[in-house]
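Peer 1: This is the structure I want to talk about, given as structure tokens.
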Amino acid sequence: MAAIMPNFGLRQLPLLNKFRSTLPTSPPPSLYLYRSSSSMSLPVAVSSNVSSSSNEDSEEPKLNTGTLSITIEEPDNRNKNKKAKPFFPKRGETLELVCESLAFKGKGLCKVEETGYVVMCDRALPGERFVGRVTRKKNNYAEVTKVKTLSPHTDMVEAPCEYALHCGGCRTQNLLYEAQVRAKEEQVRDLVVHVGKFSYKDPDFNNMMKPIVPCDMQFHYRNKMEFSFGPKRWLPKEQLLERSEDANVYALGLHAPGFFDKVLNVDKCFLQSEPANKVLAAVQDCWRNHELGLSPYDCHSHDGFMKHLMIRSGRDVDTKLPQLMVNFVTSSYKPELLKPLVDKLSVFPEVVSIMNNVNTAVGNTSVGEQEYTLYGKATITEMLRGLSFEISANSFFQTNAHQAEILYKLVEDCADLKGDGSEIVLDLFCGTGTIGLTLAKKVKHVYGYEVVAEAVSDARRNAKLNGLHNATFIQGDLNKVSESFGNDFPKPDIVISDPNRPGMHNNLIKLLLKLKAPKIVYVSCNPATCARDLDYLCHGSVEQKLNGCYTLKSIQPVDMFPHTPHIECVCLLELR
């Protein structure tokens, strides 16, 4: 199906405008919370690196009382200058809480009544009142596991997926989509202020902070899904008794949140395309047949053959019809064992490639040491902004091609190219070259850097495929750049930086500050590390010996992955 360029109509929805009108125009309460009583203050700094672990205890806690009651005596005159000790909940203790907002990574942010002590809870949603048990204590906050919901969240909807409450993929599927994007916009705004150290008082702040771009394709948007094989099905605790016979059945699905060794069996995923779901169903229908001898890999004993099933979706360049690549990741090369599956899947007209990645390591990675083509060709194709891209089994490609069209248009708008073909673009963390190549026709030359050798090879092939001869792609680790880095290319007019979740290494930031390109377009998949890097580039750091020399002109959140906590941002910085 050809990608349709959305017209951002969701921004004009009255409901979304109503939500956006509730966003603060003045600074929200600081993350440092203070008791209103005369003698007690409680600093609570919420870290941007909140753990995403969601391990749950199986035991049901018992409440001693229906509600939490805390008594704190006001100090007398003799202890007038002494601060009362803050209340820190103990591990295993149960609390009645109300979720106030979503924090980064999608965890619910709550505060203990009376003290304001911050508590984080996975799968708690704004407005929800619930009972939680303290499972972990950090320096300045605690984590709780939800035990019982007392009243649902304010924007509750029915999740269409039967696995939504237990799968780690779509943890906010039961939250109204307009509320999801509002929460993501607020998260970015909060991180820009508290981590990036940009002020609400700046008269240009509201112009700098752009409203989030929603995704008008909220299901079936992923072009790559990876499923795992397991020797036993993981079942939620409420299903253990009624479906105990399923616990010893082989599983093919997604990992239970927080567990590397537990697989939730999935027959259909609302994130991938319908043709991909047909392939998943066909594999589920036959792979457990004992006559085939297909044993799932056990990550504890390291026995078994089948490790992962990866399904990638693309489009034929000429016909625009869907294409699928099926990749079986196995512990050894035994094509005769996979032949029945290959025969079953090759009848699907969308399946044009069946691959086998062999991974003999004991780890859980889906990238093999050896790759074999079992059927068809070794690549599929996809279109982005008028260009064709070949995608191999292990190459990186934007997993939401539909919304990537929007993302790359925003990058081009920020670059604000002259159009005379005179500019030099430095494309850092270029992957398979998608961003740089979409700009190549309008600039003099693109220099792309990427650490993954296969991605660099794909980028070069994609440049040739599209007849672009003004793009040079170089393999190099940008976390280990040397002082001579800037000698490898002419001084760039525009730097595009699209790092992975940890953001940019300090060495790279130092070199960018030394390079002083007139413009940097920072594309981020992690607003916390993005805010940190923006702080360094704009404000500098005494501790890191950085002298900031850029002005943040705009930051544009983009929802690439509905129903998940992930947020993309496109930031424009200009040299002062």
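Yeah, the Cβs are placed from backbone N, Cα and C, and that goes for glycine too.
Feature table excerpt (TrEMBL):
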type: ACT_SITE; residues: C525; note: active site, nucleophile
type: BINDING; residues: Q398, F429, E450, D498; note: S-adenosyl-L-methionine binding site
type: DOMAIN; residues: 88-148; note: domain 'TRAM'
Peer 1: Near the S-adenosyl-L-methionine site, what residues other than Q398, F429, E450, D498 in the same chain have a C-beta no further than 8 Å from the centroid of the listed C-beta atoms?
Peer 2: F396, D427, C430, G431, T432, T434, I435, P499, N500, V523
Peer 1: Whole-number Å distance between the CA of D498 (S-adenosyl-L-methionine binding site) and the CA of the residue listed as 'active site, nucleophile'?
Peer 2: 8
Peer 1: Given Q398 (S-adenosyl-L-methionine binding site) and C525 (active site, nucleophile), what distance in Å do their CA atoms have, once rounded to a whole number?
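Peer 2: Computed Cα spacing between Q398 (S-adenosyl-L-methionine binding site) and C525 (active site, nucleophile) is 11 Å.
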Peer 1: By the count of other Cβ atoms within 10 Å, pick out the sparsest of the binding-site residues E450, D498.
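Peer 2: Taking E450, D498 as the binding-site residues, the minimal 10 Å Cβ count falls on D498.
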Peer 1: How many helix, strand and coil residues does the domain 'TRAM' (88-148) contain under DSSP?
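Peer 2: Going by DSSP assignments, the domain 'TRAM' (88-148) contains 3 helix, 33 strand, 25 coil.
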Peer 1: In Å, rounded, how far does the Cα of F429 (S-adenosyl-L-methionine binding site) sit from the Cα of C525 (active site, nucleophile)?
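Peer 2: Distance (Cα to Cα, whole Å): 12 Å.
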Peer 1: Sequence gap of 6 or more, C-beta under 8 Å: which same-chain residues meet both conditions with respect to C525 (active site, nucleophile)?
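Peer 2: Listed in sequence order: N500, R501, M560, H566, I567, E568.
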Peer 1: Considering every residue in the domain 'TRAM' (88-148), what is the mean pLDDT value?
Peer 2: 87
Peer 1: Q398 (S-adenosyl-L-methionine binding site) has how many other Cβ neighbours within 10 Å of its own Cβ?
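Peer 2: Other Cβ atoms found within 10 Å: 22.
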Peer 1: So for F429 (S-adenosyl-L-methionine binding site), how many other CB atoms are inside 10 Å of its CB?
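Peer 2: Result for F429 (S-adenosyl-L-methionine binding site): 21 other Cβ atoms within 10 Å.
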